[in-house]
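What Swiss-Prot lists as S-adenosyl-L-methionine binding site is Arg36, Gly55, Asp76, Met120.
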Amino acid sequence: MTNADPHELQKFSDLAHRWWDPNAEFKPLHDLNPVRLGWIDAHAHLAGKRALDIGCGGGILSESMAGLGAQVKGIDLSTEALGVADLHSLESGITVDYEAIAAEAIAAREPGTYDVVTCMEMLEHVPSPGDIVAACATLVKPGGWVFFSTLNRNLKAYLFAVIGAEYIAQMLPKGTHDYARFIRPSELAGFVRATDLHIVEIKGITYHPIGKRFALSNDTDINYLVACRRGA
């Protein structure tokens, strides 16, 4: 059985044509991307590395990693989003190899293949996030890096990420997130400990409404990032 929720896939497929519009529904991803890209590159030094972007959607992170010199493959189960990603890659001239395949399936096919594996803003949208973490651990080379980002599960995250972002500020379409699927850092750490990955750093992401920008912080109450390495 595929580790995906058909409703979640359809939700993002319906918006696929808007993926690269920086002022539409995916504006938060465009605004967030420089922060997460810089953080990933600071750890993994992307130039010349082979990278896999799991749950790549329309390719915002995939293209930006390729732009820094990585050889990037992006995977997703939304063929609509991948179609948009392919088209944008042609328009930008930045080469990314996209494929419609599940994380678990590519892990079985290509174990220990990638220097860098990213899984950003995806874990909270799948039924079994622990299985995705395990697939990431299988895919990365010994000594390689795996990066996750997701949403904490607490009252503050619900108020800001759901009520605030979706209903008040309308930064995201209503129904983008299911609070019950948010993941506490301790839970994600548990998934990681079940593999041969170890956590190197956990950082929060804070949104500054006055400047309308995201920044790294030590506040993991809402959005947070986790950098992991596989044992050599």
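Cβ atoms here come from the backbone N, Cα and C positions, even for glycine.
The maximum pairwise C-alpha distance among Arg36, Gly55, Asp76, Met120, the residues recorded as binding S-adenosyl-L-methionine, is 19 Å. Counting every protein chain shown, the Cβ of Asp76 (S-adenosyl-L-methionine binding site) has 29 other Cβ atoms within 10 Å. Residue environment of Gly55 (S-adenosyl-L-methionine binding site) contains 23 other Cβ atoms, counted within 10 Å of its Cβ in all protein chains.
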